[in-house]
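See below for the structure under consideration.
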Amino acid sequence: MQVHDVELTISAVEENQYPATALPELALVGRSNVGKSSLTNVLINRKNYAHTSGQPGKTQTLNFYEVEHKLYFVDVPGYGYAKVSKKQREKFGKMIENYLTTREQLRGVVQLVDGRHAPTEDDRMMFQWLAYYHIPTLVVATKVDKVKPNAHNRIVKVVKEGLGAAKDQDLILFSATTKKGAESVWQWIEERTGVSD
């Protein structure tokens, strides 16, 4: 999809701040610093629109990016970061859970995992939680440019096994540097949301 118009509409901390539109929404979840902002920037064809944070756990709001007046990307607070207090973690947890389970406009979730390593326990828990609620999920293994191309098949196997995913689980290898996988991610998003050029 060709993207020309993007706007960060709201950084929400509670439900009454969510955009009051019927546009389809697509949530991006993943551990802190897994590359959510980088993926967003590649998808919307901007350099630093979605702020790439040097401080893991910094995104503590649900950030709604309106794309082409057709859909929203919703950047969800990163999970699994130790320096965020337990109270803050619980608060995020509740907000994320409410959003993912009750938001009618939500059409699917893109879960990012670091393609250089096996998924963490947090990654697995998030994936299983999404599966439990039957939320359509695309797994994106990031930073694959840091892994030799001949190891890419192994990444797919390790990630699926680590998440406890079915063999036919949608999974895309992605690199923000080379843009590998970006087109396939867009294709999945378009299928889920019914949005296209």
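Using N, Cα and C of the backbone, Cβ positions are placed for all residues, glycine too.
The feature domain 'EngB-type G' is assigned by Swiss-Prot to 22-195, with sequence analysis given as support. Annotation source Swiss-Prot lists GTP binding site at 30-37, 57-61, 75-78, 142-145, 174-176. Annotation source Swiss-Prot lists Mg(2+) binding site at Ser37, Thr59.
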Subject >> Per-region confidence, the domain 'EngB-type G' (22-195) (mean pLDDT, whole number) >> reply: 88
**OP:** Please list residues from the chain of Lys143 (GTP binding site) whose Cβ is under 8 angstroms from its Cβ, counting only those at least six apart in sequence.
**Re:** Gly35, Asp114, Gly115, Arg116, Ser175, Ala176
**OP:** Provide, as an integer number of angstrom, the distance between the C-alpha atoms of Pro77 (GTP binding site) and Ser37 (Mg(2+) binding site).
**Re:** 11
Original post:
Taking every protein chain shown into account, which of the binding-site residues Asn33, Ser37, Thr61 has the largest tally of Cβ atoms within 10 Å of its Cβ?
Top reply: Ser37
Original post:
If one looks at the chain holding Phe174 (GTP binding site), which residues at least 6 apart in sequence have a CB under 8 angstroms from its CB?
Top reply: Gly35, Leu39, Leu112, Gly115, Val140, Ala141, Thr142, Val144, Lys180, Gly181, Ala182, Val185
Original post:
When the number of other CB atoms within 10 A of each residue's CB is tallied over all shown chains, which of the binding-site residues Gly30, Pro77 has the maximum?
Top reply: Gly30
**OP:** Taking only the Cα atoms, work out how far Ser37 (Mg(2+) binding site) lies from Gly30 (GTP binding site), in Å, as a whole number.
**Re:** 11
Subject >> Where Ser37 (Mg(2+) binding site) sits in the secondary structure, as DSSP reduces it to three classes >> reply: helix
